[in-house]
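As annotated by TrEMBL, Mg(2+) 4 binding site applies to 42, 56, 87. Look at TrEMBL and you will find 58, 87 tagged as Mg(2+) 2 binding site. The annotation substrate binding site is assigned in TrEMBL to 65, 291, 343. Among the features that TrEMBL reports, ATP binding site is placed at 117, 134, 135, 161, 240. The Mg(2+) 5 binding site annotation in TrEMBL covers 241. The domain 'PurM-like N-terminal' feature in TrEMBL is assigned to 40-152.
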Ligand SMILES: [Mg+2]
């Protein structure tokens, strides 16, 4: 449904490996003081001075992590960067550089790689990170993307997953569940398109959900917002697999329990109406859907006044002693044990 009718197709072989890398990386600019040397030598040189360096890496495989039937390559490039930056944000650090490695089969012409790199360049520009290295090579089948993100923070700024205490409040940024429902809408349209390739999808009612799925953003702003409020989270994680699974990670590593309140979950009105249309329970989607790339964190209860009523943050629960377990407290005030049903790369 996103196919270009008259695409130009330049074979990648025409450029040769080095020509290809030069061609694809020419638009990347260096903006970070910590980048001493970017692309163009055998290795990049970075200097973080007295600050700590954070590193996070991620591998995306066509058919496992993305479907090019409804994921435009430009969006894929953008999203591949964002998901990595999100992991640096989840440490309360500032993303500064990325490396990008891509393998493609000969089914992809140069123009496809250009689209992908346009999306990568767009994200790098948007988030002011330097692309300082990477590789482009061929694969037997499909597309594989690996991005490594680097970031910096003062040692005392860094927030780990293991610092929550039994009296802390649980807070999430933005809203949750929309990216997963966006994927459900796109899957449905793909099936309609397969039956009738001439069908014109009307996606007006789903724009927010689809945008959350195809063009998520990393919450690089949260670090600054929290700093201004004089709040340092005790534990933090980003919402990639769904908050249910992320809460389990925080609880396990911090050795605490949790009560999550159903009526506190921040849901976009569009998510609620589309869940009704699909006849799916919106709470199930909100806690198990993934890919929102919001931040989930705990703060001391004494910081309650600093954060209450702030539109960027929602208090959705509180931590407990580990032996009290991990529960969802429903609107009917019943306690249901929370299970991690988040997305798992090794399932199916
Ligand atoms: Mg993460």
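Each Cβ is built from the backbone N, Cα and C atoms, and glycine gets one as well.
Keep in mind that TrEMBL annotations are predicted by a computer and have not been checked by a curator.
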Which binding-site residues from the set 56, 65, 134, 241, 291 have a C-beta atom lying less than 6 Å away from ligand 1?
none
Where does residue 58 (Mg(2+) 2 binding site) sit in the DSSP three-state scheme?
strand
Please state whether DSSP places residue 135 (ATP binding site) in a helix, a strand or coil.
strand
At 10 angstroms around each C-beta, which of the binding-site residues 42, 87, 135, 241, 291 has the fewest other C-beta atoms nearby?
42
Residue 87 (Mg(2+) 4 binding site) versus binding-site residues 58, 65, 134, 135, 161 - nearest by Cα:
58
Cα-Cα distance linking residue 241 (Mg(2+) 5 binding site) and residue 134 (ATP binding site), given in Å to the nearest integer:
26
In Å, rounded, how far does the Cα of residue 161 (ATP binding site) sit from the Cα of residue 65 (substrate binding site)?
25
Whole-number Å only: compute the distance from the Cα of residue 117 (ATP binding site) to the Cα of the residue listed as 'Mg(2+) 5 binding site'.
26
Number of Cβ atoms other than its own within 10 Å, given for residue 134 (ATP binding site):
21
DSSP state at residue 117 (ATP binding site), helix/strand/coil:
helix
Cα-Cα distance linking residue 135 (ATP binding site) and residue 58 (Mg(2+) 2 binding site), given in Å to the nearest integer:
15
How far is it from residue 291 (substrate binding site) to residue 240 (ATP binding site), counting Cα to Cα, in Å?
4
Cα-nearest neighbour of residue 241 (Mg(2+) 5 binding site) within the listed binding-site residues, 42, 56, 65, 135:
65
Rounded to a whole angstrom, what is the C-alpha distance between residue 56 (Mg(2+) 4 binding site) and residue 135 (ATP binding site)?
17
Of the residues named as ATP binders, 117, 134, 135, 161, 240, how far apart in Å are the Cα atoms of the most distant pair?
33
